[in-house]
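Undergrad: Pasting the relevant annotations from TrEMBL:
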- A:Cys81, A:Cys86, A:Cys122, A:Cys126: [2Fe-2S] cluster binding site (BINDING)
Amino acid sequence: MRHSDPTADDITTLIETQMHLEGPLLPIFHAIQDACGFVPESALPLIAGRLNLTVAEVHGVMSFYHDFRKTPAGKLVVRICRAEACQSMGGSALSAAVLDKLGLDWGDTTADGAVTVEAVYCLGLCACAPAAMVGDTLIARANVPRLERAMEGAA
Amino acid sequence: MDSAARALGAEDVVAAIRAEAARRGVTVDIARNGSRGMIWLEPLVEVETDAGRIGYGPMDAGGVAAIFDGGPSLGLVEDLDWMKRQTRLTFQRCGVIDPLSLPEYEAHGGLAGLRRAIGMDQDAIIDEVKLSGLRGRGGAGFPTGIKWDTVRLARADRKYIVCNADEGDSGTFADRMIMEGDPFCLIEGMAIAGIGCGAVQGYIYTRSEYPDAVAVMRRAIAIARKAGVIGPDVMGSGRAFELEVRVGAGAYVCGEETSLLNSLEGKRGVVRAKPPLPALEGAFGRPTVVNNVISLATVPVIFEKGAACYADFGLGRSKGTIPLQIAGNVARGGLFETAFGMPLGEIVQDLAGGTATGRPVKAVQVGGPLGAYLGVDQFDTPFGYEEFSGQDALIGHAGLVVFDDTADMPGMARFAMEFCAMESCGKCTPCRIGAVRGVETLDRIAAGDGAAVALLTDLCETMTDGSLCALGGLTPYPVMSALRLFPEEFGAMKGAAE
């Protein structure tokens, strides 16, 4: 991920990579976010123009989905599962401890831009809960020391 | 390469085995397979011997040397109690083969079903599915053959097979395991559906939370296309079937089929009113089969072994097998495929071995965040669609989340409402507003306002009767079941809850 503001040409190129698909809007958002780390506001009129939609419609679709970001996340994204199976194994205490340690609320990023902590609702690791994801790494039977080690390793 | 095994350190174990082999000058052939479903034994290492595969687990890097030294093992994996007691049909290959080896897939019965289907007329294909008694494994339990027949008979220039792989329910991971552990099985099932219904395009709509499954599925599709299993000429039949993976974007409601279709089309994942049924007006306005991963992945074995063989398993109108996903606070968690009918208590106490914490079981939530909590006095309920309906519960996607006696039931009820409020698509008022009011009402009850219990009950009835889809319609299940089972925790008189 580049985490930099892409140019209009970059965005247009990314849009074109998905135009052969039926219903290309979500794949376009994913392609832009994968490349840039977020979907900049400047992309919306370009997408709208290409798909013959209004900017409001494109904004409406993007804002419906939790995944798509309007601004870049921290360098490292930590996602902790809040769903029932993880709650049954102390997931709430785990996330409270991590958030407290970093002085964050859900969705916030540390002041130095290093870490964003997000809630996630099920990673499919329910038989080895609680579960978390540090960057691209899945962690089962998570606890504070294991998450801290993973965060140090990824930093 | 199952992501649960990886999350428990499988990559470190593989690296350690390579290092240890190099140190000893031994040649080892390391195959990466999916999971057998014994998650409590993951990372599980299996060593191929003349007698069969010997298991070692749960393994960590430090334990690897003992495998080379012939240290204590679990014995033959197939002989483990958990394996021996199962009826593995849908998951027959999962954890056994290299998920991306088409030759191994074929050597273990793969493609036999598709070959048979190619030689059959469309109505014979549909009849086979009807005869098998297969019902939608996503939760609704609708007969799969009838859905297929509706699509087959619909007139249109283009039809679709859409696989609902948006497995967002907590406590479920069967879809993920199939996609990571036996992806060709899903591809084969979708190809049979395509040929049976006359659809030439399939989509697998899955979750961004499942990056490993997405990657494996995409690689498997590319391999299958190259081998002619899908593509313009499916296995030389002259019939075309194309397949593509689409990834969602963190919206739970997109697991609802009409919301999924809108999302697939590039719209907000808002629920559609039915009718029109997706079978007549689904993806891009065309007739569409929307089936769960497990429903579609069960189709190949039905065609391989015959519908009658499949229908022989089960209980009443719940035919065949169901992959139970045992999760949460359990000593032994994982996936266990068995004929319908096993009592809930046997699953929780016997198979799962009770709680991981060793404390008494308090409640089991069956069927995900929209499923009811069942108490220990309901443990004799046999696992089946109708049997659970009779308990004001549902089996859903067959996920079971076990809680010990420390569980805060009003807290869980509040979470159910909070989750519904967060994930509501906003289309209908009972869900959009009702869930918010539900959180507020539960907060009033928590603050000691016993009179609010009647209000909550009334609100839940409105949500059940008035919501457009299962999200608003079933959120009252966990809320009301928690209230019915543990009224004292809600500060309510027992009478007020009933």
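Glycine is treated like the rest: Cβ placed from N, Cα and C.
Context for these features, please: burial, neighbours, distances.
TA: In the three-state DSSP reading, A:Cys86 ([2Fe-2S] cluster binding site) counts as helix.
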Undergrad: Could you tell me which of these binding-site residues, A:Cys81, A:Cys86, A:Cys122, A:Cys126, has the greatest number of Cβ atoms within 10 Å of its own Cβ?
TA: A:Cys126
Undergrad: Where does A:Cys81 ([2Fe-2S] cluster binding site) sit by DSSP, helix, strand or coil?
TA: strand
